[in-house]
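> Pulled from TrEMBL, these are the listed features:
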ACT_SITE  GLU289  active site, proton donor
ACT_SITE  HIS310  active site
ACT_SITE  LYS425  active site
Amino acid sequence: MDELLSVSVGAAFVGGDRPVLRENIDDLSKMVEEADVLLREKGRDDVEGFGWINLPYQDLSETIKIGRWLSGFEAIVQIGIGGSALGNRMLAKALLPPFYNELDASVRKAPKFYLLENPDPKTAVSLLDRLDLSKTAFIVVSKSGSTTETAAHFLWAWQKVREKIGERASDNFLIITDPRKGILRKFAKSTGCRSLNIPESVGGRYSVLSSVGLATASALGINIEKLVQGAKEMDQRLVLRSHLWENPAWLLACINLLHAKAGRNMAVMMPYGDDLADFAEWFAQLWGESLGKEGYGTTPVRALGAIDQHSQLQLYAEGPDDKLITIIDVKNRPLFLLPDVVDIDALKDLEFLYGKALGDLLSIEARSTASALVKAGKPVIYLNIPEVSERYIGALVFFYEYVTALVGFLMKINPFDQPGVEQGKRYIYSLMGRRGYEEYVKEVEEYFGACQNTEIII
Ligand SMILES: O=P(O)(O)OC[C@H]1O[C@H](O)[C@H](O)[C@@H](O)[C@@H]1O
C-alpha cells in the first residue's frame, strides 16, 4: 500500500529536567483508545461538533454542480472569516499554481479567486473597485450566519452588486450556512439565491472538507473528489491501526499532551514550501480554538521553512525549552535544476549549487533544521507527505483534525466549542448597537477601562 504520510517521532522524546519518554506514552494507551471509541460513536450519531468525521463519506454531487455554475464567472469572492475562510485559503495556496490570479485566463481556465476576511476598508474597497461586479460571484459563508465581519462585507457587496445589476444580484450570490438557522439562511430563502448547507454537526474550524471549502475549490478546478478520497483513505487506515505504536495520530496526540504537561506550551507548525504556508495558518485556528480552554492548550505558532530558518530558528534552537516543533516536508517536488555558471570566475565558490535541484534544496533544509534542533536538545516531530496534491492534502487535513480532537479528549476539554470567542462577539454586537446586546456595553466599558489604565501618552 502506498503511503499517505509518514511521521517520525523518535526526536520528540527528550530527557533532561522535563523529560518526555517512550514509556510515558504507553501509560496513555488505554485513554487514547477510549477517546477514539467515543469520537467515532458520537460521530456515527452525528452529535453536534463531531460531524466532520463523516465528511469523507459525503455525497459531493450538489457541491460539484454549484462549483460548475461558479466556474462560469470571471471572478469569485468568498466572504467569510475564521473557519469560513482559512481552509479555502489553505486549499488554494496548496493546490492552485503560484500567482494564480495573475495567470492569463487561457492558462487559468477558471475564475480568479479572492477572499474577503478582515473588515479592512482599504482591502474591501479596492477589491470591489477592480472587479466587474456583473461577472463576479460572491460566496457568503458563515455557519452562524451572523459573524459581524462577514455580515459587514456581505452588506457592502450585496448593495454594490445591486447598484450594478439591480434585482438580478441574487444570481451572483451563493450562501453557505446552517441548513435551518440564522440570518443568511433567511436571506437565501427570501431572495431565492443559491445556497448550500453546512451540516449542523460540523463546526467552523472542522469544515474545510464540507461545502465551506469544497464549493470554491471545485469552481477553481481543484479535484474535490480526490481531496475527499484522501481524507477517506486516511480515516480507513487510522481505524485499522488499533495499536498505539502503529497509529501515528494516536502517537502525535499523546506526544503533544505529554509535552504540554511538561511545560512545552507552544506547538510550532513549520511546513516547508510556499504551497503549505497557509496549512500552518489553518492549523493555528484548529489547534488554538479547539484546545485553548479551561487553562489547557498549547499556543500554535505558524512558521514557514525555509524563511523562518532565517528569522525564528535561533529562538527555537537556543531560546526557552517551551516548544514542540513539527516540521512538514514533501518527498516529491518539482526539481528545477540550477544552472552551471562556469564562465564567471567570481561565482566559483557557488559551484556546490551548480546542477542541484531547488526542490531538493528545500528538503535538505528541512532535514538540516530538524537536525540542528535535535542537536540543541529540542523536541521535533518530522512529518513527510509524498507530494502536495489533492489526495495527500485531504489525508493531511483529516489527520490533523483527528489528532486535534483526540488531544482535546485527552485533556478532558471540549474540542468543538469556543466560549472565549463568543464573549468577544457579544461585545462587538453591543458596541455596534445590535438589539438584544445592550447589557454588555457596561461590561466592555469596565474591562476596556482596565486596558486603558495607566496610559502614558507621548
Ligand atoms: O462561520 P461563522 O459562524 O461566521 O464563524 C466564523 C468564526 O467565528 C468565530 O470566530 C469562531 O470562533 C470561529 O470558530 C468561526 O470559524
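Keep in mind that glycine also has a Cβ here, set from the backbone N, Cα and C atoms.
For the listed features, I'd like the structural context: burial, neighbours, distances.
Taken residue by residue with DSSP, GLU289 (active site, proton donor) is part of a helix.
Taken residue by residue with DSSP, HIS310 (active site) is part of a helix.
DSSP assigns LYS425 (active site) to a helical segment in the three-state reduction.
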> Out of these active-site residues, HIS310, LYS425, which one has the fewest other C-beta atoms within 10 Å of its own C-beta?
HIS310
> How many Å separate the Cα atoms of HIS310 (active site) and GLU289 (active site, proton donor)?
29
> Give the sequence-ordered list of residues that share a chain with GLU289 (active site, proton donor), lie 6 or more positions from it, and have CB atoms under 8 Å from its CB.
GLY82, ARG205, GLN418, VAL421
